[in-house]
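Here is what TrEMBL says about this protein:
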type: BINDING; residues: 27, 28, 29, 30, 31, 32, 33, 34, 78; note: substrate binding site
type: ACT_SITE; residues: 28; note: active site, tele-phosphohistidine intermediate
type: ACT_SITE; residues: 103; note: active site, proton donor/acceptor
């Protein structure tokens, strides 16, 4: 079982909650396509039974912690269903959806298994792993810069609206990588982003702090996909 990682945790230790928004960012639960190693991107895939169990487990954990003011989610089914389970168990009346919290659009790679992508769509495969952050993916796919701009702008707005509160945001592996880049631009991503993992951020004005990264201590009973497909270097 992986342990949580605390990243760039310093100045907000001495701040009161009124100085920042505490945002619990949860990666959606497992899908059948995660288990198959199939690239999802913007394709709308539901949770599988394990994913629903993971969502219930993270919801149970969060319900025993400080009160949650709001639950936000990507509008894709795998995120929205995870968020709905969290909202129900935590006593939050509704889930607020935002398309800007969607996974990165991966163009021609969407729907393919990763193991076949390089052969079937070589140009898209090379583009998806390019070191150029402005490299778009053939087939209507986004660059990392496009993903970064839309999803960090969304979280910034949520942080400004909920200063002094604790909120949950359910999203995807690629989005969490962008949030990590915004919070700790000089640091390497510390490991995989597992399904239903808890990632805690403090947002105060222009400063983003990562307090907890990829915590899955609540998944002892349900288990998890150790490959973290979609939460490593793929998007899901």
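Cβ coordinates come from backbone N, Cα and C, glycine included.
Unlike curated records, TrEMBL annotations are generated automatically.
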**OP:** By Cβ count within 10 Å, point out the most packed of the recorded positions listed: 27, 28, 33.
**Re:** 28
Subject >> residue 78 (substrate binding site) and residue 103 (active site, proton donor/acceptor), distance between Cα atoms, whole Å >> reply: 11
Original post:
When a 10 Å sphere is centred on the Cβ of residue 31 (substrate binding site), how many other Cβ atoms does it contain?
Top reply: 24
Original post:
Does anything in the same chain, at least 6 positions from residue 29 (substrate binding site), have a Cβ under 8 Å from its Cβ, and if so what?
Top reply: 47, 50, 51, 52, 53, 54, 55, 58, 78, 81, 82, 195, 196
Original post:
When you tally the Cβ atoms that lie within 10 Å of each candidate's Cβ, which of the recorded positions (78, 103) has the highest tally?
Top reply: 78
